[in-house]
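Following: one structure in structure tokens, then a few remarks.
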Ligand code: ADP
Ligand code: MG
Ligand code: MG
């Protein structure tokens, strides 16, 4: 990037007429969409955008690129020409806003300064031009306040305190909010604000308009690296090196009296997807006032009565935008003395449920194709829809039974069901959640400083603000449950409690006080708030996948129908098959209902636990071949029965059975416990022969690094007969299923192979056993034999290993551990958080496949394996198989299937399709 620093050919500034919506990388979402709206002929105040590239140069070098100043001067001059006013000119000043805007929307995370260009001189000119003293001085005090905070780094509370002294009790009569202040009050306030600037920043508030603008631009650049912006990006997985663009927009004024105002709106309900008029409007106000919840807004529909002409125009523009973007848009607008201005639009954030419904609605409206619909939803959203919900009956009907009481009904801002302990500040939210508590963060309203508390909380509850408030917007973005604007609640953050008044008319109960630490439950789908813990029930989407709810029914849930249709598109286009990790018939059946096309990993270790542990102990303790064979013989029928059931459940579909993998000591008693038992017995002179032998075995098998010890194929080679017994159980089970006219498709998988020789030894033995069973039963079984690729050496020698394997299944959990050289159980609790914070990982490599390292080995092994054996079947059975980004990777490298836990199967199906439908679309953020 820095090589562009001195490149005079680089264009750093684009007029709104020069940009378009596809230039988000360069102009940020805000700049690109302002340009797009300008070109659509919509009423956008003229302006220009400084590119993210200029920001990157500034952040890297600490200097704005040399060419920038001249370019800005030229664009400013053109703007002044268009507007017929000069920036900050005393008699009739042009004012501008300097606005942040990155490629991905980061609501409220960076800075914006309004009213740039006002000074002691030009404030008078503005007053004269507008014929309104009050307005001019209000704008000036806002500028000093915003500039002081964002550009000069002065604590916002300083200004707020000064403002409160004027509006608060004992202040000038009748002034209870900023809207009631007189011009004289505001003049006084400006004086106070300037003094604060002088004291805190050690300099005067700059009077030169261009200096104001240049400083504001740099401050916006710098805000890219502000703490809350960094935190937000980590949460949303937005790269840290993109930088922000800066848009300079000529000001329009919503604070010019009752015929002016400012508002926000959605073209559809972001919670349900329904078309309609959704938004908030605030008369006689500027910019931030709406979202900040400073004064109470009115629902957008009421604008019709206030200003019908603007209202009608706004609705028309919203329709234009929806048809143009072919998606839900959210917008910011301002009305200046009856004239409507568009200040922002973007494809709006929405809840998971709305995403599915809107995608299907847009297909039906003929606006988008089915392939595009797949791009509009994500596996993450589908996973969210599968979370349990509150049991309405328990919550509303038999409330008393569960000690639950409904205390408020707020706005359903972001769906989900969350219960937890009430906390009233972010600090406590973080502290308690670190110690394992679930918490609900309760605030009057949230602001960007609450971000880390919001991340820590299970859910967010506010008593003020609408669907477009900070809490609502951020919670939706994070997929976190949120109820906002629950006005029955009086939140007292100082005393750490909230009071609900006279809500429960049915029981006549009056006031309820909720203290810090009390359990509360919030339902982000209905807006209801309860004290106590409300029981949960499965989501309708899960009921649908389970086959208990049908998309074809007359009264089918609209969401279920949308999911059903999207899944149908997905299954039609995807290439990757999806299997399940399952090792019981019950799991297998559930996986099948969820759409599994087989089992990719059946672990056999659970089959050695419980009452069977005794036989395993005997196997391990065996001194003679005879003893060992007896133990194995006892295990055989049980193993066989397991496989019969599994093959029956998955009849007609492949079932990959992995032979025993974990270290043996996992099947033996705990070393400390056993030592104590033996020591106690010895002190009583009552030593138990078996315990003594067990203890010896436990000592013998104790390993420093069991993960790298006697396990996987090594076990099979070290304990004669173990793998043969398992193979026999599989083969006999398959034969039995054949005899029952079933269609068993078992595949035998050898774990932890590092070299082809290991595999050959096991294969030869297995082949012999299978041949014996085939002969004895007179059946041809067609059992496939393959291996896991989960050690770097296996990946590196995949070409040779493929000579002895009919299939590979990448064990990406172990492969990640061995490629990185760290054990998951040890590191996740120790240094991972630090690594994530330092940005060494964007995301844990156990969650999303590390493309560059582990992924590269997978890719090479795929190539080498197929070169040896073109029909080699390839799959992956690590937890990455259910992770959206990883699924895209496995699609790209050409695997045949992914295997994941039953519950993740729908997610994998959807993402496998999205991998075909889009070249890794990440713009849905
Ligand atoms: P954010 O990204 O936090 O929404 P914005 O840059 O959109 O920040 O600006 C903050 C507020 O100021 C918004 O309500 C916006 O509509 C308003 N605003 C920005 N520029 C102007 C302008 N030129 N005239 C009037 N209001 C503006
Ligand atoms: Mg905005
Ligand atoms: Mg493994």
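Yeah, the Cβs are placed from backbone N, Cα and C, and that goes for glycine too.
Of the listed candidates (586, 790, 837), TrEMBL assigns 790 to the same substrate site as 603, 658, 811, 812, 813, 814.
DSSP assigns residue 813 (substrate binding site) to a helical segment in the three-state reduction.
Here the binding-site residues are 790, 814, and the one whose Cβ sees the fewest other Cβ atoms within 10 Å is 814. Per the record's binding annotation for substrate, residues 603, 658, 790, 811, 812, 813, 814 show a top Cα-Cα distance of 15 Å.
In this structure, the C-alpha atom of residue 877 (active site, proton donor) lies 6 angstrom from that of residue 811 (substrate binding site). In the vicinity of ligand 3, defined as a Cβ distance under 6 Å, the following of the binding-site residues 603, 790, 811 are placed: 790, 811.
In three-state terms derived from DSSP, residue 658 (substrate binding site) belongs to an extended strand segment. Compute the center of the Cβ atoms of 603, 658, 790, 811, 812, 813, 814, which mark the site for substrate; besides them, the chain residues with Cβ within 8 Å of that center are 601, 661, 751, 788, 809, 810, 815, 877, 878. Between the alpha carbons (Cα) of residue 603 (substrate binding site) and residue 470 (active site, tele-phosphohistidine intermediate) lies a span of roughly 46 Å.
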